[in-house]
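Now, the feature entries from TrEMBL:
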- His444: active site, proton acceptor (ACT_SITE)
- Lys51, Asp311: FAD binding site (BINDING)
- Gly176, Gly177, Ser178, Tyr179, Ile180, Ala181, Leu182, Glu183, Glu199, Gly270: NAD(+) binding site (BINDING)
- Cys42-Cys47: disulfide bond (DISULFID)
- 6-322: domain 'FAD/NAD(P)-binding' (DOMAIN)
- 349-454: domain 'Pyridine nucleotide-disulphide oxidoreductase dimerisation' (DOMAIN)
Amino acid sequence: MTQRFDSIIVGAGQAGPPLAGRLTGAGQRVALVERKLIGGTCVNNGCIPTKTLVASAHAAHVARRGGEYGIGTGAVSVDMAKVKARKDGVMLNDRKAVEDWLESMDGCTVFRGHARFEDAHTLRVGDQLLQADRIFLNVGGRAVAPDIPGLADVEFLTNVSILELDTLPEHLVIVGGSYIALEFAQMYRRFGAKVTVVERGPRLASREDEDVSVSIREILEAEGIDVVVNADDVRLIKRDNGFGGFGGFELTPSAGAATIAGSHLLLAVGRKPNTGDLGLDAAGVQTDARGYIVVDDQLKTNVDHIWALGDCNGKGAFTHTSYNDFEIVAANLLDGDSRRVSDRILTYALYIDPPLGRAGMTVAQVRASGRKALVGKRPMTKVGRAVEKGETQGFMKIVVDADTHQILGAAILGVGGDEVIHAILDVMSAKAPYTTLSRTMHIHPTVSELVPTMLQEMEPLA
Ligand SMILES: Cc1cc2nc3c(=O)[nH]c(=O)nc-3n(C[C@H](O)[C@H](O)[C@H](O)COP(=O)(O)OP(=O)(O)OC[C@H]3O[C@@H](n4cnc5c(N)ncnc54)[C@H](O)[C@@H]3O)c2cc1C
């Protein structure tokens, strides 16, 4: 028998549950379908578990540095089983909060299973058929397994399986040099593992400006992480290495390069959308060459009553972009407010320690655009609060349009960078001139108080 709803939401990630809340609040009957874990990637194997682990790793790091602050801690040990238990506790609490919310939501029925289109208004979940006037896809993405010679013979970890480790790898080799890779690299080094990062390109975090990449590499190498770049021909051979335990291996990064003997291999080379098994053809929904669902500025697909939100639409790859997608769809459908994706400013953080907070364009992008610009830069060694905290790695940088005086972009790589960036982001969002920020009195002593100073000392972009 076919069950009828006003709306069907596929995926209980970062957009699906709040959208169910708004739609049911408006009196709709909503079916929400989830095939795995309520909360999706962020809650179960993305942001929340990783940032909880980053916090444990930070505690170990601070304890080891205690002597620099006149604090004796004795030998520092890391109990991986307890680290994992803390992570599981935070993650499970979060998942349960979303589950409880959905279960108590009047008008919302949660279906557990894989949803697939039968036609443009009908989805099959197991032996049940669900039909609705409107359908919202929030199916997220998953880690890509690259085509590496020898990989089929070697056990490897992804961002999902590494979260199940409760022992310390002897030598964790990470293929990939972007956000997920670098966060795991630093945390496992701080837990006590030997760590090597193997990156295909010439530098880490390659989407950032070169000075940001260089500084990130220095921060990681200073903690004893080995970084191998230009690994353009990675090959793997299964080998015992005497490490025992997991599946030992040897990795050759490029032709003629020295091999790396590892105990654990983490692949963090990108993600792809969960769109291949949704039956999109049956609904006539278009995807692009990489499988992302094609949407317009208000997140509608080419089929008038179907929307796609979150990582699966290729318009963002973050929890905040997925949540913002929900806000855009809800505003358009329920509030008569025509919010659009193009209204938002790119922003994100890289949670190594110290973190990188980013907003808007890089300096390289501004230079390529050909516009006249002003650039300000200040090392964290010249930020009083960072000196007092003994955390002076990194720098802050900002780029401003020389004609309009609007801020085009910023990178804060340093203590508090993930928070400080918001002062800049909000001024960008208000489309106010940089002088709004440079003339605002900030609290002393903070990292944020040097943002106005940096803006007062800008120079023309060469
Ligand atoms: C290790 C890691 C760390 C990260 N850290 C951060 C961070 O610090 N900050 C940040 O902003 N972002 C971070 N991200 C990215 C963030 O987790 C994702 O951008 C976000 O979770 C995407 O949410 P979503 O709503 O698009 O989909 P998801 O959260 O992926 O949810 C999609 C859901 O749909 C379900 N589903 C898929 N197909 C079907 C189907 N056919 N039927 C039924 N259900 C289906 C899936 O099971 C899943 O539960 C991180 C990601 C990873 C992997």
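Every residue, even glycine, has its Cβ placed from backbone N, Cα and C.
Structural mapping of features recorded in TrEMBL.
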| residue | record | Cβ within 10 Å |
| --- | --- | --- |
| Cys42 | disulfide bond | 23 |
| Cys47 | disulfide bond | 16 |
| Lys51 | FAD binding site | 17 |
| Gly176 | NAD(+) binding site | 24 |
| Ser178 | NAD(+) binding site | 18 |
| Ile180 | NAD(+) binding site | 23 |
| Leu182 | NAD(+) binding site | 27 |
| Glu199 | NAD(+) binding site | 26 |
| Asp311 | FAD binding site | 32 |
| His444 | active site, proton acceptor | 10 |
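Of all residue pairs in Gly176, Gly177, Ser178, Tyr179, Ile180, Ala181, Leu182, Glu183, Glu199, Gly270, the annotated binders of NAD(+), the farthest apart have Cα atoms separated by 14 Å. Residue pair Ile180 (NAD(+) binding site) / His444 (active site, proton acceptor) shows a Cα separation of 34 Å. Remark: secondary structure over the domain 'Pyridine nucleotide-disulphide oxidoreductase dimerisation' (349-454) totals 39 helix, 30 strand, 37 coil, with classes taken from DSSP. Highlighted in sequence order, Ile174, Ala185, Val197, Leu204, Ala205, Ala268, Val269 have their Cβ within 8 Å of the centre of the Cβ atoms of Gly176, Gly177, Ser178, Tyr179, Ile180, Ala181, Leu182, Glu183, Glu199, Gly270, the residues recorded for NAD(+), and are not part of that set.
Close to ligand 1, meaning a Cβ under 6 Å from one of its atoms, are these of the recorded positions Cys47, Ser178, Asp311: Cys47, Asp311. In space, Cys47 is the closest of the recorded positions Cys42, Cys47, Asp311, His444 to Ser178 (NAD(+) binding site), judged by Cα positions. Each residue contributes its Cα atom, and for Asp311 (FAD binding site) and Cys47 (disulfide bond) those atoms are 14 Å apart.
For Cys42 (disulfide bond), the nearest neighbour among the binding-site residues Gly176, Leu182, Glu199, judged by Cα separation, is Leu182. Of the recorded residues, Glu199 (NAD(+) binding site) and His444 (active site, proton acceptor) place their C-alpha atoms 40 Å from one another. Spatially, by CA atoms, the recorded positions Cys47, Lys51, Gly176, Leu182 include one closest to His444 (active site, proton acceptor), and that is Lys51.
Lys51 (FAD binding site) sits 13 Å from Leu182 (NAD(+) binding site), taking the CA atoms of both as reference points.
Looking at Cys47 (disulfide bond) and Gly176 (NAD(+) binding site), their Cα atoms lie 18 Å from each other.
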